[in-house]
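Engineer: Quick one: this structure, given as structure tokens, is what I'll be asking you about.
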Amino acid sequence: MKIGILTSGGDCPGLNAVIRGIVLKGIKVYGHEFVGFRDGWRGVVEGDIMDLPRQSVRGISKQGGTILGTSRTNPFEGNGGPEVIKAHMERLGIDAMIAIGGEGTLAAARRLTDAGLKIVGVPKTVDNDLDATDYTFGFDTAVQIATEAIDRLRTTGESHHRCMIAEVMGRHVGWIALHAGMATGAHAVLIPEQRTSIEQIVEWVQEARDRGRAPLIVVAEGFVPDHQDSAHSERGLDTFGRPRLGGISEQLAPEIEARTGIETRATILGHIQRGGVPSSFDRVLATRLGMAAVDSVVEGRWGTMVSLKGTEIEHVPFEAALGNLKTVPQHRYDEAAILFG
Ligand code: F6P
């Protein structure tokens with residue numbers, strides 16, 4: 001069999017380990033042949049491929065990014081669509097595809113499978129917000145990177161007696177913030193799932209200061225304070241009526257400083273959390289998922305993705321991962337909140 005692999009959507013530490021797991025098991029156990037589509041669905045829609053012989057995956061598990069490149073191309077837009085893709089697959093002699101990606105990628109893969117294409121999926125997101133899998137690779141690395149950065153913010157904050165705010169990734173969910181916040185002993189963790197008020201945040205900051213600490217806040221980029229004033233957003237102002245700045249941490253910093261008199265600094269960690277060497281946990285998880293995805297192809301499990309349940313890899317339909325995001329449950333936030341202030 002000739003199998004095409006694509007990585008799509010935002011990149012994530014561990015993608016190369018998945019590719020290596022697929023190619024090595026596919027060649028060693030089943031004798032399959034592999035090609036990679038360049039830049040996600042763009043390569044699929046344009047029939048742009050590269051060969052993936054065994055030597056192409058040598059030593060790549062520890063490399064960040066993806067050797068195939070990625071994009072946020074939607075395969076149904078522009079010149080795409082199932083018929084175009086089927087024609088490329090036939091011309092290139094590709095029998096099946098393994099799509100590695102998040103919700104958008106898996107939703108597209110499901111539509112293409114419904115249209116008759118043979119696709120299996122591997123879930124991916126640093127945000128850890130995909131339903132139907134206990135963890136996604138990349139999350140552990142992102143938490144590790146954030147933890148190291150926040151530890152550093154703490155020492156400079158303590159030296160200057162400042163309040164430090166670290167903004168981490170998480171547009172819709174607060175998993176990275178929650179874990180990095182717990183790991184670093186943050187005095188407040190602010191996540192999209194909890195509409196915390198500015199009064200509560202200030203109380204935690206003040207409590208920490210009263211105990212002689214340099215207050216440390218970890219906030220997810222998608223956090224919205226319980227302080228919305230629609231008149232402000234209509235006038236292009238942030239939630240506190242100030243000129244709108246880049247991230248939520250930059251909106252919180254002047255407000256906290258004004259309310260407490262404590263000098264406050266904001267740091268946005270951004271894409272640093274997605275780059276570089278994956279953790280060993282992510283390498284192992286990604287490799288196992290890749291190897292299981294090859295089994296899915298051999299067994300003809302089209303329209304399914306591999307997933308981690310406990311410590312075992314299972315096969316679940318694409319639908320299980322679509323629709324509902326895996327948010328931080330209330331009890332996990334409450335447990336962490338005992339340590340705030
Ligand atoms: O979904 C993963 C993620 O890293 C989010 O946490 C973040 O908001 C987004 O991707 C950034 O996307 P981009 O790389 O397109 O700027």
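Each residue, glycine too, has its Cβ placed from N, Cα and C.
Quick caveat, the model's predicted, so the values are computed rather than measured.
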Engineer: Which of Arg213, Arg265 shares the substrate site with Thr125, Val126, Asp127, Arg162, Met169, Gly170, Arg171, Glu221, His271, Ile272, Gln273, Arg274 per TrEMBL?
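Structural biologist: Matched candidate out of Arg213, Arg265, per TrEMBL for substrate with Thr125, Val126, Asp127, Arg162, Met169, Gly170, Arg171, Glu221, His271, Ile272, Gln273, Arg274: Arg265.
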Engineer: Please pick, from Gly10, Gly14, Gly157, the residue that TrEMBL records in the ATP site together with Arg72, Thr73, Gly102, Glu103, Gly104, Thr105.
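Structural biologist: Candidate listed by TrEMBL for the same site: Gly10.
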Engineer: Listed binding-site residues: Gly104, Thr105, Met169. Which have a CB under 6 angstroms from an atom of ligand 1?
Structural biologist: Met169
Engineer: Averaged over the domain 'Phosphofructokinase' (2-296), what pLDDT does the prediction give?
Structural biologist: 96
Engineer: Which chain-mates of Arg171 (substrate binding site) that are at least 6 residues away have a CB under 8 A from its CB, listed by sequence?
Structural biologist: Asp127, Pro192, Glu221, Gly222
Engineer: Within 10 Å of Gly102 (ATP binding site) (Cα to Cα), which of the binding-site residues Thr125, Met169, Arg274 do you find?
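Structural biologist: Passing the 10 Å Cα cut: Thr125.
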